[in-house]
Amino acid sequence: MNSFRGAFLIWAVATWAETDTSWGATDEPGFQNCKNALKLPVLPVLPGGGWDNLRNVDTGRVMELAYSHCRTTEDGQYIVPDEIFTIPQKQSNLEMNSKILESWVNYQSSTSNSINMELSLFSKVNGKFSLEFQRIKTLQVKDQAVTTQVQVRNLVYTVKINPDAELSLGFKKALMDISEQLENNQTRMATYLAELLVLNYGTHVITSVDAGAALIQEDHIRSSFLQDSQSSRSAVTASAGITFLNIVNFKFEENYTSQNTFTKSYLSNRTNSRVQSFGGLPFYPGITLQAWQQGVSNHLVAMDRAGLPLYFFINPERLPDLPGPLVRKLSKTVEAAVRRYYAVNTYPGCTDLSSPNFNFQANTDDGSCEGKMTNFSFGGVYQECTQFSGNEVVQLCQNLEQKNPLTGSVSCPSGYSPVQLLTQTHEEGYNHLECSRKCTLYIFCKTVCEDVFRVARAEFRAFWCAASGQVSENSGLLFGGLFSGKSINPLTNAQSCPAGYFQLKLFENLKVCASLDYELGYRFSIPFGGFFSCAAGNPLVDSATSKDLGAPSLRKCPGGFSQHLALISDGCQVSYCVKAGLFTGGSLPPVRLPPYTRPPLMSQVATNTVLVTNHETASSWIKDPQTHQWRLGEPLELRRAMRVVHGDGEGLSGGAAAGLTLGVTIALAGVVALAIYGARKSRKKGYQALQDEKQSLAAGAAVNGDALDQEQAQNPA
């Protein structure tokens, strides 16, 4: 017995020691253990992260990286994660070049050109909201300049991620949240979460990175100087190179006096200049190229990036715990969110600086540079509203209905046709005191009042009136711009209308400025070219199309007009058209970040999906009610689930079960009442029997006493 106790004690101590050691090992990150063991730094430039391909910025980590094997680069200089492999440059790859960028349209990023060239999405707007691009475009347009670039690039590694790498826990958790909404048919909430996913993880995933360093000089010189020197374009690039080498203290021999003279002319026509250092030693005036290059190995940064769209990595192989059909639906939802992000930030217009229709804010050309404007008449707007719930407490349609001032009703004047832009639902939450009568056994009743949260809902339908034929002059409204709660009127640079104009409500918070005063309001009027949205085109684009009511209209502006964003209403983009060249001043618009869809105020009662069948593979997935995890179902489980879903003759319906429960309750109450009654009656009978017994005993005692007295009288002592 003592030997058994001793063995048990030794086993317990050993188990405690092993447990304590394992805890200590997991307290420190894996890469810290590798650093302590190998005495090497960790490679700082890694793929596997998210990437916003509009802004050229890194976002959240998508692929999981671990350091359990303490792997290193092939040259043994850096520690790399288990999922990463590197391709070192066997020779020093130092590249120096000089180029001229005549137009911002041909812009190429210095550090993310490869991923910007990825063609699966709207590649024309890739990188157009990066700080680098917006600076170049603004300086070229405002200063009427062209750009020269001289750069030295030192490539050290190409770093790639294993295609079989797993998704990070945070990214997978976000995908699971979206899939849960999809499986319960909560489409709006799933769309909202997918747009949040794009906000947090970007549009792409980086799969390859070039690690190294670069030193870049960027000059802006007057366009006239380049035009006067067409025969000497090489001299312009040479002058840019000479200027750069002077800055980095590179000694060179001046061979030609003409070159020196041309360089001075180059410097006199320079309007802006800057030098950027990516990696290597921080740049300072007078730094030598040799000193900068020697510091590259200790200061690596990403010099170029390549990758694939975010939704490409949402597949059944990476999400084995979800049914295949649900994963495909999840991928499509995320893809739609990414494409919506691109579409909202696409600004079509004229990109030719020499055209009178040039649109400074446009980032894609729509062919409007050569278009001639046609005068269109504006027939006004109106909005219909129907409230579905909550109308006894909250009147939603009072703030949503809008009559057309030309007719005094929700209609278009003669000669104009209504164009329905959008139909949407407006929701508002409110608290309401609700009282109900609650009874116990249908006898004991009381009134209970609760302050409950309810959602009032109303449907609104927005229309604008387009001329359907020839209309008389001055028959419509003057258009004076528009604004919303999140945007200003470009005509007034404020959330207001010009003098003499009134506001017309459209959608939930859009204000359209209009006027009937052709004498005083004409000087503020803007040539108007129609509305269009994600659900409706613009009938003014083609007169033949507008006359054919059966043909859908194109979602664009007529020739000579440029489109501008009116608002994004619950994920739907609404645009309006004004004369090209207007509303194009100021600064470039900032990126419009998601989410664009409004989440529901109160989720409806969700259907708890427990079974998903893939008809292509004849397999079915079952959701475990305890763990809420999906798994492939066994035949017995499938039959049981099908009985639950479809029902059979063995079970009871909800009404039958409720009736049976009520019947059993009443029967039990009756049994209890009878038992109480029987017990009371039994006690009463026992009491009466006891009294009778007492009385009979008393009577017997009296008779016996009389007999004894008589006997004593007959026999005196």
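Note that Cβ sites are derived from N, Cα and C of the backbone, with glycine treated the same way.
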Study note, to complete from the structure: In Swiss-Prot, the N-linked glycosylation site annotation, restricted to Asn185, Asn255, falls on Asn185
Check your understanding: Per Swiss-Prot, which of 127-132, 385-390, 631-636 is transmembrane segment?
Key -> 127-132
Review point. Looking at Swiss-Prot, which of Cys34, Cys350 bridges to Cys70 via a disulfide?
Key: Cys34
Practice item. Taking Cys439 as one end of a disulfide recorded in Swiss-Prot, give the other end from among Cys445, Cys449. Key: Cys445
Revision key, fill the gap. Among Cys369, Cys397, Swiss-Prot lists the disulphide partner of Cys350 as Cys369
**Study point:** Range annotated as transmembrane segment - as stated in Swiss-Prot, picked from 57-64, 113-120, 537-544, 609-616
**Key:** 113-120
Point to revise | Record Swiss-Prot, residue Cys572, disulfide partner from Cys497, Cys513, Cys534 | key: Cys534
Revision key, fill the gap. Near the transmembrane segment (113-120) in space but 6 or more residues beyond its ends, with Cβ under 8 Å, are 51, 53, 56, 126-127, 204, 206, 208, 304-309
Revision key, fill the gap. Quick note, Asn185 (N-linked glycosylation site) and Asn269 (N-linked glycosylation site): C-alpha atoms separated, nearest Å, by 63
Study note, to complete from the structure: Smallest number of other CB atoms within 10 Å: among the disulfide-bonded residues Cys385, Cys439, Cys572, Cys577, that is Cys439
Point to revise | Largest tally of Cβ atoms lying within 10 Å of a Cβ, found at which of the disulfide-bonded residues Cys350, Cys369, Cys397, Cys449 | key: Cys350
Review point. Relative to the Cα of Cys435 (disulfide bond), which of the recorded positions Cys70, Asn375, Cys534, Cys557 has the closest Cα?
Key: Cys534
**Study point:** Pairwise CA distance, Cys534 (disulfide bond) versus Asn375 (N-linked glycosylation site), rounded so that it is a whole Å
**Key:** 25
